[in-house]
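Following: one structure in structure tokens, then a few remarks.
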Amino acid sequence: MSPNGTPTNITWHDGNLSRDERESAAGQKGVTIWLTGLSASGKSTIACALEQHLLHQGIIAYRLDGDNIRFGLNKNLGFSPEDRTENIRRIGEVSKLFADAAIVAITSFISPYREDRDSARKVHDAANLPFVEVYVDAPLEVAEQRDPKGLYKKARAGQIKDFTGISAPYEAPANPEIHIRTDQSSVEEAAQQIFDYLSEKGLIVRRQKN
Ligand SMILES: Nc1ncnc2c1ncn2[C@@H]1O[C@H](COP(=O)(O)OP(=O)(O)OP(=O)(O)O)[C@@H](O)[C@H]1O
Ligand SMILES: [Mg+2]
């Protein structure tokens, strides 16, 4: 590694297939749908509904879920600001790989820092892959009332430190492609809203397989 963090002695090895060829073979296009919001805002629930909806249309989607990823790839990371940034950096890279492989990547991470989400977007921009930021928005009071995992209760009791919305910040997206108020719409409506956006923008057109 050089002093500025750039790896040394490695050279990018191009493949023999263009993205277009890969997308043609898959019969679909790659895209990352990035869900961000408070704990219990509904990210994982909506991600599951959307994945199912896409699969019913014959489109392969794959979920990268915050909690699940911490069981494996990111099991060495905690919730300090540095670890949260590294958590999101890795998922930005992994979702890009899925999108590059012509899969609809659906990520559901609190991803509380705007700068980290913007970095994930930049990774996609640089690879010429679409990135759709979805603000899964529920007022703190609503999220806290839902509290499906009992985390807010623990955070209020001081048993969890650095808990987003209580003792750690959440920076809401300034310009998300999609804004969903989950206290005002159902899970199905939220999934449909994302699906309609993707359809309108031509991001999930099924292609003729060759
Ligand atoms: N309109 C809605 N959209 C999504 N979830 C809803 C909605 N209304 C109620 N809920 C409920 O809110 C809860 C959301 O929990 P979920 O685990 O999806 O949140 P999350 O954003 O993934 O949280 P975390 O960041 O802790 O993983 C679920 O119990 C879900 O059933
Ligand atoms: Mg979740």
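Glycine residues also receive a Cβ, built from the backbone N, Cα and C atoms like all the rest.
Features as listed in TrEMBL:
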type: REGION; residues: 1-23; note: region 'Disordered'
type: COMPBIAS; residues: 1-11; note: compositional bias 'Polar residues'
type: DOMAIN; residues: 29-181; note: domain 'APS kinase'
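The list of residues near the region 'Disordered' (1-23) in space but at least 6 beyond its ends in sequence, with Cβ under 8 angstroms from a Cβ of it, reads 29-30, 100-102, 128, 207. Along the domain 'APS kinase' (29-181), the predicted structure has mean pLDDT 97.
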